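Listed features, source TrEMBL:
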- Lys267: active site, proton acceptor (ACT_SITE)
- Gly82, Gly83, Gly84, Ser85, Phe86, Gly87, Ala216, Arg331: NAD(+) binding site (BINDING)
- Lys182, Arg331, Asn332: substrate binding site (BINDING)
- 77-237: domain 'Glycerol-3-phosphate dehydrogenase NAD-dependent N-terminal' (DOMAIN)
- 256-396: domain 'Glycerol-3-phosphate dehydrogenase NAD-dependent C-terminal' (DOMAIN)
Amino acid sequence: MTWLLEPPFHSSIRHNFPRFHCSPAAGAQPEPESLALSLDGPKERRKIVRLAWEKLVRWSRSLRSKAKTDVLERTNKIVVLGGGSFGTAMAAHVAMRKSQLEVNMLVRDPQVCRSINEEHHNCKYFPQHKLPENVIATTDAQAALLGADFCFHAVPVQYSSLFLEEIANYVDPGLPFISLSKGLELNTLRTMSQIIPQALKNPRQPYVVLSGPSFALELMNKLPTALVVASKDKKMANSVQQLMASRNLRINTSSDVTGVEIAGALKNVLAIAAGIVEGLNLGNNSMAALVSQGCSEIRWLATKMGAKSTTLTGLSGTGDVMLTCFVSLSRNRTVGVRLGSGENLDDILSSMNQVAEGVATAGAVIALAQKYKVKMPVLTAVARIIDNELTPTKAVFELMNLPQVEEV
């Protein structure tokens with residue numbers, strides 16, 4: 001095992017950023033905009049920074065001027081499956097992208113349906129946030145799906161299979177599904193990229209997974225956010241990027257569906273562990289060590305399953321881990337804090353109005369680790385705590401007494 005987490009800021013995306021040369025070869029003529037970093041004094045250093053920034057801005061504007069918008073222009077209807085916080089935030093976001101766009105939310109709760117249609121609020125999750133008037137709620141699956149150009153799936157993983165089987169007859173076989181759900185199905189260990197086509201009985205159902213560090217509340221407040229869409233179909237990933245990217249939402253694309261899905265599922269379990277450390281008041285050193293170890297465990301399993309290591313150090317990996325483990329808005333972290341403080345799991349879950357996917361995912365993660373022969377001490381400890389077979393304090397003692405290892 002290793003306690004080392006690789007630097008999180010490497011990206012597989014290659015950009016033509018300005019390059020600086022420390023010392024040109026003898027007799028060589030520098031490029032018009034190249035600068036020598038050996039220049040002394042604050043004036044010269046400021047000039048280097050200013051020119052670098054200006055070149056970056058010119059590059060960005062040039063790419064933006066060439067950006068395609070035809071996907072948004074020809075999209076007339078979006079359906080969002082689920083009326084939870086993240087589904088609502090996505091519905092609001094895409095609705096604001098185009099006022100003529102019809103955004104249908106398929107919800108179960110008649111009260112939520114009425115509040116969205118009559119008051120333009122989701123009374124359960126965002127009672128203080130007004131939704132765009134082109135967001136419409138319905139409890140009728142056939143009406144919601146009829147004529148849709150894209151479908152955002154925001155139903156919790158553990159309920160997705162049954163839900164999709166019930167509406168399968170209304171789903172067009174060419175309708176692209178954009179999954180917002182993070183986790184693993186408990187009994188089958190399936191990801192959403194497996195659940196959706198199997199439940200719909202259509203192995204060719206277009207599929208995209210959206211993930212990354214994002215709280216629904218901050219999306220609703222239009223705060224700057226960056227996410228990743230991953231699909232084996234590059235054209236489809238680019239289409240979803242065009243549909244969603246805005247001034248306050250960056251969308252990167254990826255072909256690594258496995259990496260994005262596994263990182264999104266496992267980080268929820270790690271967030272429970274981080275919360276337990278907080279609830280036990282073990283300090284910042286413990287938190288850093290635990291999250292670092294947990295990131296290594298995610299990498300070990302994900303790469304064994306075929307994920308790219310660069311995905312795991314990007315937005316959907318390290319980015320999502322940092323948000324979920326360190327910020328109090330995280331549902332999974334909150335579960336961990338309360339477990340560490342001595343509360344009973346059943347009491348914690350019954351008091352929450354949203355699903356903490358990490359609780360159900362923990363057992364599935366360990367079964368998956370055994371399948372791929374990967375040792376995951378931190379995430380296994382979380383699963384044992386959730387099963388009430390290990391106390392948080394005992395788990396910390398056992399983890400601290402694991403054999404000392406060499407970092408590799």
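Numbering starts at 1 and runs along the chain as displayed.
Just so you know, glycine gets a Cβ as well, placed from its N, Cα and C.
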* Confidence summary for the domain 'Glycerol-3-phosphate dehydrogenase NAD-dependent C-terminal' (256-396), mean pLDDT rounded -> 94
* Other C-beta atoms that fall within 10 angstroms of the C-beta of Phe86 (NAD(+) binding site) -> 23
* **Residue pair Lys182 (substrate binding site), Lys267 (active site, proton acceptor) - Cα distance, angstrom, rounded** => 9
* Other residues with Cβ within 8 Å of the Cβ centroid of Lys182, Arg331, Asn332 at the substrate site? -> Asn268, Ala271, Thr324, Ser330, Val355, Ala356, Glu357, Gly358
* Structure fact -> The most crowded of the binding-site residues Ser85, Asn332, judged by neighbouring Cβ atoms within 10 Å of its own Cβ, is Asn332
* Structure fact -> The DSSP breakdown of the domain 'Glycerol-3-phosphate dehydrogenase NAD-dependent C-terminal' (256-396) into helix, strand and coil residues is 107 helix, 0 strand, 34 coil
* To do: Fill in the CA-CA distance, Asn332 (substrate binding site) to Lys267 (active site, proton acceptor), as an integer in Å.
  => 9
* Per the record, NAD(+) is bound by Gly82, Gly83, Gly84, Ser85, Phe86, Gly87, Ala216, Arg331: how many Å separate the farthest pair of Cα atoms? -> 18
* To do: Tell me the Cβ neighbour count for Gly87 (NAD(+) binding site), meaning other Cβ atoms within 10 Å of its Cβ, over all protein chains shown.
  => 24
